[in-house]
Amino acid sequence: MEKRIGFIGAGNMSSTIIRGLVKSFEGMNQSIYISNRTIKKAEKLCNQVHINLCRTNVELAENSDIIFLGVKPHMYDGVLREISSYVTKDQIIVSLAAGITTEDMGEYFKEPMKIIRIMPNVPVSVGEGMIALSSNGNVTGEEVDFVVQLLSSVGKVDQIDESLIDAVTTISGCSPAFIAMFVEALADGSVRKGMPRDKAYLYAAQTLIGTGKMILEKGLHPGELKDMVSSPGGVTIEGVYELEKRGFRNMLIEVVEACERKTKSMKSKKVEE
């Protein structure tokens, strides 16, 4: 691991990826650099995991082989303008932002740049993230493999066509919030029937984990799993009926479409967060 890895932005996602790298690769902390609009926030992270602090984004750009952009989408314009004159075609830029394409970012530079776009989700904080990755034509296969190796320290990485990134934003990036609401609602229903809340959360969350593993590890179709649990005239099929009657599937499909529309609207550099 000889490459220098830079992170512009010390937010939750950048911090989580950094912690994963430091934990997974011995000595990696010596090759990681970070800059942030608020220096104190970056200093705190540096003190915790012993990485290198850069006082400015330009300093970081000049000291990194791979630059992760971990700032909010509406800040990309300013950051890219700031570093564009200091980044060379041999460096790799990795974007974490929704709604900003590799082509959009490429317009800030005078020469063709190596740009990778990733869409991680919050479970990276426990090493169980789902990370979509796409790259432009300037990034070599070896370079993509290296970035995949880095990100595999915090979750599963899937290489996809960039045209699918907006859809991934919802099903992977946003859905932890929806799934948390689902777990909470199941728990509320159980609490209403007398179950202690901590127990209700335990049963709902663990069942979610187990169900996911059955789909991924056993290769079960979700419908097949549903049918396995739904005995004729039983309790489960009664619950399935109630969900279908209330438009459960259609509601989730509409949620995905609404989130994708929002993601596309964020492509405007003038969008306000």
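Each residue, glycine too, has its Cβ placed from N, Cα and C.
Positions annotated as NADP(+) binding site by TrEMBL: ILE8, GLY9, ALA10, GLY11, ASN12, MET13. Counting every protein chain shown, the number of other Cβ atoms lying within 10 Å of the Cβ of ASN12 (NADP(+) binding site) is 12.
According to TrEMBL, the feature NADPH binding site maps to ASN57. Within 10 Å of the Cβ of ASN57 (NADPH binding site) there are 23 other Cβ atoms, across all protein chains.
Per TrEMBL, domain 'Pyrroline-5-carboxylate reductase catalytic N-terminal' is recorded for 4-99.
Taken from TrEMBL, the feature domain 'Pyrroline-5-carboxylate reductase dimerisation' applies to 162-266.
If you take every residue in the domain 'Pyrroline-5-carboxylate reductase catalytic N-terminal' (4-99) and average the pLDDT, you get 93. The candidate set comprises the binding-site residues GLY9, GLY11. Of these, GLY9 has the most other Cβ atoms within 10 Å. Of all the Cβ atoms in the protein chains shown, 21 others lie within 10 Å of the Cβ of MET13 (NADP(+) binding site).
Listed in sequence order, ILE34, SER35, ASN36, ASN57, LEU60, ILE67, PHE68, LEU69, GLY70, VAL71, VAL79, ILE83 are the same-chain residues six or more apart from ILE8 (NADP(+) binding site) with CB atoms under 8 A from its CB.
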